[in-house]
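Peer 1: Quick one: structure below, then a few questions.
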Amino acid sequence: MSDWSALHQLLEKVQPYSTAGGKVWIKVLFIFRILLLGTAIESAWSDEQFEFHCNTQQPGCENVCYDQAFPISHVRLWVLQVIFVSVPTLLHLAHVYYVIRQNEKLKKQEEEELKVAHFNGASGERRLQKHTGKHIKCGSKEHGNRKMRGRLLLTYMASIFFKSVFEVAFLLIQWYLYGFTLSAVYICEQSPCPHRVDCFLSRPTEKTIFILFMLVVSMVSFVLNVIELFYVLFKAIKNHLGNEKEEVYCNPVELQKPSCVSSSAVLTTICSSDQVVPVGLSSFYM
């Protein structure tokens, strides 16, 4: 479970940059998939090949029939599914960290530029306005959440889309390989079996229950992804149409003095003493 805990810790870091649906999806992934895979499901399939027997003594027949019945173990397929559906979220987290790092660099650069501009008198405002092209679009806070903007929004939507695609793809793979139920007897006619033989699976009913449970969890995750995708699209369109004129651009440094007048072009503030005061880094989420 230590490896799964590391994955869970990474996914937990995405929560501040996710919607409520994304947070629920992470809980569903960890509680109903990772915990079960690491405990009950793994133990249920521990005797999968050892207890697979066929009514023949022909050497190699059981191995060939087992390979035909289960090209890949259910547990290993579900592990791959967890990894694949987690990758888009982790890539979104990497993009978030990249943007944060770039903003930190921009903040340091502008702090140095503003210090120089402060001592250059009237040229300070002109120097400051040179950086308007570097300003990032900010989001305002609403109900404790953060509004996604620009490329981060596109990355988040892409991560939801690919998670949905992977969910459907793995469901189709599972259905194509061995369906969603297991029978107690598997009929095999593969060579080197001398004739048609019957092979017997261990605990087929228990495994079928787990298979159906994982199927339900996959479908719930898919529905959550679809709902979240439409929600994010709706909010993005609504914010674009309703708040287009109210969007602000700001410098990634902290506003310190209150007795200042804001510029109409950017959230850059010029004080009465001609001192340039940096403006705070607003988040790119709401």
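Cβ from N, Cα, C; glycine included.
These figures come from a predicted structure and were not determined experimentally.
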Peer 1: Are Ser18 and Ser191, as annotated in Swiss-Prot, on matching sides of the membrane?
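Peer 2: For Ser18 and Ser191, the topology recorded in Swiss-Prot gives opposite membrane sides.
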Peer 1: In the same chain, which residue numbers or ranges, 6 or more beyond the ends of the topological domain 'Extracellular' (175-209), come under 8 angstroms Cβ to Cβ?
Peer 2: 44-45, 47-48, 51-56, 58-62, 64-66, 68-72, 74, 77, 215
Peer 1: Grab the same-chain neighbours of the topological domain 'Extracellular' (42-76) for me: Cβ-Cβ under 8 Å, and only residues 6 or more beyond its ends, written as numbers and ranges.
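Peer 2: Long-range Cβ neighbours of the topological domain 'Extracellular' (42-76): 174, 177-178, 186, 188, 190-195, 197-203, 206-207, 210-211.
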Peer 1: Would you mind listing the long-range same-chain contacts of the transmembrane segment (152-174), meaning Cβ under 8 Å and 6+ residues beyond its ends?
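Peer 2: The answer is 17-18, 22, 25, 74, 77, 80-81, 84-85, 87-89, 91-92, 95-96, 99, 180, 211, 215, 218-219, 221-222, 225-226, 228-229, 232-233, 236, 284-285.
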Peer 1: Could you give me the DSSP helix, strand and coil counts for the topological domain 'Extracellular' (175-209)?
Peer 2: 10 helix, 8 strand, 17 coil
